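Okay, so here's the structure we're looking at.
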Amino acid sequence: MESSGNPESTTFFYYDLQSQPCENQAWVFATLATTVLYCLVFLLSLVGNSLVLWVLVKYESLESLTNIFILNLCLSDLVFACLLPVWISPYHWGWVLGDFLCKLLNMIFSISLYSSIFFLTIMTIHRYLSVVSPLSTLRVPTLRCRVLVTMAVWVASILSSILDTIFHKVLSSGCDYSELTWYLTSVYQHNLFFLLSLGIILFCYVEILRTLFRSRSKRRHRTVKLIFAIVVAYFLSWGPYNFTLFLQTLFRTQIIRSCEAKQQLEYALLICRNLAFSHCCFNPVLYVFVGVKFRTHLKHVLRQFWFCRLQAPSPASIPHSPGAFAYEGASFY
C-alpha cells in the first residue's frame, strides 16, 4: 500500500484522485468514505467470522472436508479484515511502518487473497466430485488427508505471494512496487489465477447442475446452494476490481493515453477496490440467509448469551452428532 500523492506510483492498489487541484474535494471524500467503510467492514467481519468459527467448532464436525474449507475461508477473511485498519493509515499519514512491515503486510495480504480463491476452487471441485461421483467421497477423509489438503492450499498461497513480498519496498510514494515490471507481473498473475479458478468453477457447476436436474434428491440440491452463493459473491466482489486493474496496466504501459479515460478509471478503481475489500464480511451474511443449520445454531448461541445475561437457565442444547454428513454436505444447510 502507499501514500497516494505520487502519480508515478506502481503499486498494485494505487489510484490517483489527487493529481489535479480540481480533484481535491473528490480526494477528501474518497479518503473519508474509505476510512469509514474499512472500519465498518473490519468490525462486521471480526464479529461475523468469529461467530462462524465458534459455531463450526462447537456444533459441527471437522471430519468433513467442506467444514474444513469453510473454517479456513473464515480464517482467511479474518486475516484480510485485520489488515484493513493498516491500509487506512497511508491515506492520512503516508507509509510510516518501515520497510520490513511493508514487505510482511503485503505478503500476508497476498496470502489471504490467494488462499480465498484456492479454497473456493478446491471446495467447488470437492462438491463436484460429491455430486457427480458420490462414491468417490463417501468415505470420511482421514485426519492426515484433511491436514495435507489444508497445508497444500496454504503453501500454494505462500508461494504465490513471493512476488509481492520481495518486490515491495518503501519509496517516496510509500510502500510500493520497486519497478513497474513487477507491478505488471503481479497484476497479470492475479488475473490469471482469477480466470483459471473461474473457468474451473464454471465447469464444475455446469456438471453439477446437469447431475442435479437428473436427480430427485432435495438433499443434494441443498448441498450445492450455499457453496454456489459463496462463489458468486466472491466473483461479483473481486471480478470488477480485477478488470479495472487490468485496464490500469494499459495506461501504465501507455497503450491507452486518454487523460479523461484515465481519470474515470481512477474513480472506477476506487469503487471496485472498496467493493472487493468489503467481501471479507459477506460470507457470514450468506450463511445467515442461505444456511438453515447455521441460522439454527446462531439462534441457539444468541439465546444462550441472552439467558446468561439474565442469569436464567439456558435452553436445552441442540443435539449434535459428530461425524461427516451424508455426501460430505456443507456445514450450514
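Glycine residues also receive a Cβ, built from the backbone N, Cα and C atoms like all the rest.
Taken from Swiss-Prot as is:
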- CYS102-CYS175: disulfide bond (DISULFID)
- 1-31: topological domain 'Extracellular' (TOPO_DOM)
- 60-69: topological domain 'Cytoplasmic' (TOPO_DOM)
- 90-103: topological domain 'Extracellular' (TOPO_DOM)
- 126-142: topological domain 'Cytoplasmic' (TOPO_DOM)
- 168-190: topological domain 'Extracellular' (TOPO_DOM)
- 210-225: topological domain 'Cytoplasmic' (TOPO_DOM)
- 251-267: topological domain 'Extracellular' (TOPO_DOM)
- 292-333: topological domain 'Cytoplasmic' (TOPO_DOM)
- 32-59: transmembrane segment (TRANSMEM)
- 70-89: transmembrane segment (TRANSMEM)
- 104-125: transmembrane segment (TRANSMEM)
- 143-167: transmembrane segment (TRANSMEM)
- 191-209: transmembrane segment (TRANSMEM)
- 226-250: transmembrane segment (TRANSMEM)
- 268-291: transmembrane segment (TRANSMEM)
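In the three-state DSSP classification, CYS175 (disulfide bond) falls within a strand. For the topological domain 'Extracellular' (90-103), the model's pLDDT averages out at 86. Note: CYS102 (disulfide bond) has non-local neighbours TRP95, HIS168, LYS169, VAL170, CYS175, i.e. same-chain residues 6+ apart with C-beta under 8 A of its own C-beta. Contact between the transmembrane segment (191-209) and the transmembrane segment (104-125) holds: at least three of their C-beta pairs are under 8 Å, each pair 6 or more apart in sequence. Cβ neighbour count for CYS175 (disulfide bond): 27 (other Cβ atoms within 10 Å of its Cβ, all protein chains included). Segment contact holds for the transmembrane segment (32-59) and the transmembrane segment (268-291), given three or more CB pairs below 8 angstroms at sequence separation of 6 or more. Non-local neighbours of the transmembrane segment (226-250) in the same chain are 12, 15, 66, 73, 116-117, 120, 123-124, 127, 184, 187-188, 190-191, 194, 198, 201, 205, 256, 265, 268-269, 272-273, 275-276, 278-279, 282-283, 286-287, 290-291, 330, 332-333; each lies 6+ residues outside the stretch with a CB under 8 Å from one of its CB atoms. Across the topological domain 'Cytoplasmic' (60-69), DSSP helix (H, G, I), strand (E, B) and coil residues number 5 helix, 0 strand, 5 coil. Counting residue by residue with DSSP, the topological domain 'Extracellular' (251-267) contains 11 helix, 0 strand, 6 coil.
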